[in-house]
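Student: Take a look at this one; I'll ask things after.
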Amino acid sequence: MKPLANIVLKSVRRSFWDYLIYVIASSIAVTVYFSFLSMSFNKELTQNSRVELPISVTLQISSFLILIFIACFMMYTNLFVAKRREKEIAVYHLLGVKKSQIAAMLFVENLILGNIALMIGLAVGALFSKLFAMILLRAMVITADTNIIVSWRSLINTVLIFNVIFLVMSVINSSIIYRKQLISLFTHNDGASNEHFGSFKRLLAIVSLFLIGVPLYLAVNFEELGPIFNIWLRRNDYLLVIVMIAVMIILGTLLVFYCLIPILLRLMQKWHHFMYRGGRLLAFSNLKGNLRQNAVMLSLMTLLIMFSLSAFIGMATLYSYAQKTIDQVAPAHFITDNYHLATVKKVLKENQLEIKQQVTGHFKIIPMRTSVQLNQKNSSKPKITPITIMSESDYNRARRIQDGLESIKIKSDESIMILHKLARYQIDGEKQLIHFDQESLNQLKIQKYQSIFPYGETHYVKNLMIVDDKVYNGVKSDTRYNLTAIDIKKYQAFAQSENDFGHKLDDQAKEQTYLQLTGTSLENTHYNFSAQSKSRYHYQNVGVRKQVAKNVTQLTGFFIYVTCFISIILVVATCSIMMLQQMVDLRQNQKTYSLMQSLGVTNKEIRRIVYQQTAGLFLIPVILGSIEALFTFNIYVALFDLPNINVIIFFWGTFYAMYYGLFLITAHVLNRIINNRN
Amino acid sequence: MAFIEVDHVKKIYGMKFNRSTAIDNISFVIDPGEFVGIMGPSGAGKTTLLNIMSTIDKPTFGHIKIDNQDVTQYDEKKLSEFRRQKLGFIFQDFNLLNSLTIRENIILPLALDKLNVATIEEKLANIATVLNLNTILERFPNEVSIGQQQRAAVARAIITEPKMLFADEPTGSLDSKAATELLQYLTDVNEKQKMTLMMVTHDAFTASYCKRIIFIKDGHVFAEIRRDGQRKDFFQKIIDMQAAIGGGEQ
C-alpha cells in the first residue's frame, strides 16, 4: 500500500469518533434528501391524489429547502471535525510530509468518507422512502399500493448533488494546510476560558434583546401593521412584516447565544449563594463552555425548534381552517344550480337517499364598475366585473340549512357585501369606487363586509351583494340562476360508505358554468351562461359535501405530513449531532471527571452534574424556540384563522415528549461513558 | 499510633498471560504529622502506591488503614465521602479546571460539601492571603503563571483542612524559585498544622524537605532513610541512595 494511503487509513482509525459524527451527519442528510426526492418523483403518489395538488412541486421545494439546511449543517460538522484535527495535521507537516501530500490526504479522506456516508444514506433512504410514502398516502386517505422501486432519477440527483457538496468540503479541508500557519495549528485553544465581556459584546447583548423584542411587538400587532405599510409602500405588505420578523429573530437568536447567554451565565456565576452548592459550579462552567463552543449549533437548534413549533401552529390553523372551509364551501350535503337539480334528484333517488330538507335561493348577475381612488383627483382605470345580487329574505332562508351564516337586517338604502377573506384586506386598505348602471343600486350604502357565502363560495362567479327584497325585485338582469341546497337523511352512513355512487355527481361537480361577457361599456355589458367556452368568470354547478371533505382532508393530510416530517427530522438530526458532539467533548473533559472523583465526588453526584449540564444545554434552545414560536400565533390568526388549540396541544406535547426523550438518551449515554471510564 | 498502615499490599495489573506486578507485598506505617517522601526509579511503582494509599486505586491484595479505618473495605460512596473529608491531593500538572476561575477552582471541594457561602468565603480569604493568591482569584488558570497555578492547586487541596495530603511530583513543572516556595509552604503546613504529608518525587532537592524517605524498586521497599540533621546533609544522603538504587532520572 502507498504510504499516503496508509496514513489516510491510520488517521481514519485514530479519529474514529470524530469521523463517526461526520459520517452519521452526512448519512442522515443523504437519507432525508433522497427519500424526499424519491417521493416527489413517485408517480403513484403524486397521481393518486384526487385533488389538484402540486404535490410533486411541494415535495421538490421541500427537498430544496432541506438541501440548503443540510449543506449548512454538513459544513458545520465538517468544520467541527476539521478543527479537532489541526494538531494532527501540524504534526504531519512537522515530520516532513509535504503540504501537497497533506492536502491530497485530506481531500481523498474527505471524499471517501463522504461517499461511505452517501452509500449508507442511500440504502437507508431507499427503505425509508417507502415507509414515508406509505405514511403520506395514509395521511392523505389514499388507498393505493406503493410499489416503490428505487427511483433512478432521484438516485442520480442525490449522488451528484452530494458529491458536489463533498467536493467543496474536501477542497475547504485540504486547503487548511495552506491557509493556516504551522504555529496556529499547534496552538489551537482547547476550550480554556478566556472570556472578556467588552462594551461591544454588552451592547450586542442588549441589541439581541431588542431583536427578539421587536418581532414580538410586530407579531402581537400584526393585523394593524399591514395597513401601516400602505403609507409608504402603497400596499398592505404583510409579507414584508413576516420577512422582517424572520430576519430579526434569526439575528437575535444568534446574538442571544453569542453575547446574552454567556453574560447572563457569568452574572449567575457571581451569585455565590446559588453557585456554591454541590456540583452546580461544575455543571454551570461546563455548560458555559459548551454554549460558547456550540453557539452556532444551538442557535440553529433554537431556530429549528421555533420553525417546527410554529409550523405546528400552522397545522392547527390549517386544520381549523379546513374544517371551516368544508362548512363554507359545502354547507349542505348537496348543492346544485337549477340546471342540474333534476340530475341530482335523480341520482339521489337511484341510490335511495331520502331528502331531509331543501332550500332554494335566487340570484341575478349584473355588471359592476370598480376602480381604486389613488389620490384626491385621480382614480385607477375602471374594471367591469360581474356581481351576484341576492335578496335579504333569500339570504336569511339559507340559514335554515347553514348554521354558520350570520343573521342580517338591511334597510332599503343599504347593502351587504360578501367577499373572500383575502379580498377584504385589499378593500380595507384601499378606497374602492363602485358604480352600477342602475341608479337604485348606486344609492346603496355598504352596511358591512362579510366573508361567509350562503350555499358555499364556489357557486358564485365573484362577489355577492345582499340587498333589501324590494331593491332586489327592481334589479334588471337577464342572467339569473337558482341554487338549491339539499340535506339528506342518514348522511353519516353515506359519508363513510365506500360506495362510489358519487361518480355521477362528481362528474357533474367537476363541470363549471362559464359566464360570457359581451360589450365593452358598462351600459352595453351583458352576461350569458355558457357550458363550453372558458372565461375568467365561472361558478361550480354541483357541490357534494362528501367530496369536498375528502379533498380537504387530503390537502391537510399532505401538508401536515410534510411539515411534521421536515420538522421532526431536522430537530432529531440536530439533537443527534449535539449528542455526538457532547461525547467527543467528553473525551477532552475526561480529566475533569477523574479529578472530581479524586476530590471525593460520588458517581451519583457526577451523574447529577452531567444531567444538570445536559439539561441546560437542551433547555435553553427549547425555551427560546418556544417563545419565538408563540410570536407567530398572532400572525396565523390575523392571516388565516384561529388555530385549533387541541391540535396545537397534541403536536407541541408530542414534540416536547420526543425532545425530552432525546435529552434523557443523551444524558444517560454521557453519564454511562463517564462513570464506566473512571 | 500510626496514622496510615500499609499492610502487605500487592497490586497486579493485566490478566493471565500478561500480568505485571506493580507493587509486591509492601508494608510500612506513617505516623501522624510525618512528612514522608517516596522515591525510586521510573516504573518502580511510586505512583501506584500513592494511588492505592490515597484510595484512588484498590490493591489486589492487602489492606490500607487510614486513621484506624480499613479503607480497602469501603464501597464507592463511602470512599468518596472519606476522600472528601480527610484527604487532599496535589498533582504534577495541577489539574485545575480550565473552565473555572482560580477562585472557583479553590472553593470547589467546599462547594461540593455544600458549606454555607460565608464559611467558604472566610476560608478562601485565609488561604488566598497565605498563598498570595488574592490578585489572581478572578482569573482563569491559563491566564496565570505556572507557579501561581500550582499554588492554587495547593490551596484547593488544603482548603478542606484534610488530615492527610498526598502530592504526586508537585514540583515537577515548576522552576527552582517556585519549587522552593512551594516546598517551604508544605513544610510550614506540616509543622504548624501537623498535617501528615506524603510526596512522590524523583527529585533529590524536593525530597530533601521530607523527614523520611522510602525508596522503592521493582515494587519492593528497597531502603528507608531519615533526616536527623541539616537538610543539606540529608540531600547528600538521598543522592548517595539514588546512586545505590540505580539512579534517579534527573
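Just so you know, glycine gets a Cβ as well, placed from its N, Cα and C.
Please treat TrEMBL annotations as automatic predictions, because they have not gone through curation.
Pasting the feature list from TrEMBL:
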- A:20-41: transmembrane segment (TRANSMEM)
- A:61-81: transmembrane segment (TRANSMEM)
- A:62-181: domain 'ABC3 transporter permease C-terminal' (DOMAIN)
- A:102-135: transmembrane segment (TRANSMEM)
- A:155-178: transmembrane segment (TRANSMEM)
- A:199-218: transmembrane segment (TRANSMEM)
- A:238-265: transmembrane segment (TRANSMEM)
- A:295-321: transmembrane segment (TRANSMEM)
- A:558-580: transmembrane segment (TRANSMEM)
- A:565-665: domain 'ABC3 transporter permease C-terminal' (DOMAIN)
- A:617-639: transmembrane segment (TRANSMEM)
- A:645-670: transmembrane segment (TRANSMEM)
Student: Please work out which recorded stretch in A:155-178, A:238-265, A:295-321, A:645-670 has the most C-beta pairs separated by under 8 angstroms from the transmembrane segment (A:558-580)?
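Tutor: If we count Cβ pairs closer than 8 Å to the transmembrane segment (A:558-580), A:295-321 scores highest.
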Student: Using a Cβ cut-off under 8 Å, which residues of the same chain at least 6 positions beyond either end of the transmembrane segment (A:61-81) come close to it?
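Tutor: Distal contacts: 15, 18-19, 21-22, 25-26, 29, 32-33, 36-37, 40, 110, 161, 165, 169, 172-173, 296-297, 300, 562, 566, 569-570, 573-574, 577, 581.
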Student: Going along the chain, which residues at least six beyond the ends of the transmembrane segment (A:155-178) come within the CB cut-off of under 8 Å?
Tutor: 26, 29-30, 33-34, 37, 67, 70-71, 74-75, 78, 82, 86, 89, 93, 99, 102-108, 110-111, 114-115, 118, 121-122, 125, 185
Student: For the transmembrane segment (A:617-639), which recorded stretch in the set A:238-265, A:295-321, A:645-670 gives the largest number of Cβ pairs separated by under 8 Å?
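Tutor: Maximum Cβ contact count belongs to A:295-321.
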Student: Give me the DSSP three-state residue breakdown of the domain 'ABC3 transporter permease C-terminal' (A:565-665), ordered helix, strand, coil.
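Tutor: Counts, helix then strand then coil: 92 helix, 0 strand, 9 coil.
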Student: Count the residues of the domain 'ABC3 transporter permease C-terminal' (A:62-181) that DSSP assigns to helix (H, G, I), to strand (E, B) and to coil, and report the three numbers in that order.
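Tutor: Each residue of the domain 'ABC3 transporter permease C-terminal' (A:62-181) counted once, the result is 100 helix, 0 strand, 20 coil.
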Student: The transmembrane segment (A:20-41) and the transmembrane segment (A:199-218): do they have three or more Cβ pairs under 8 Å, with pairs 6 or more apart in sequence?
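Tutor: No; fewer than 3 Cβ pairs under 8 Å.
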Student: Roughly where does the domain 'ABC3 transporter permease C-terminal' (A:62-181) sit in mean pLDDT, to the nearest integer?
Tutor: 78
Student: Are there residues at least 6 beyond the ends of the transmembrane segment (A:238-265) whose Cβ is under 8 Å from a Cβ of it, and what are they?
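Tutor: Hits for the transmembrane segment (A:238-265): 195, 197, 201-202, 204-205, 207-212, 214-215, 218-219, 222, 225-226, 229, 284, 287-288, 291-292, 295-296, 298-299, 302-303, 306, 425, 620, 624, 628, 631, 635, 638-639.
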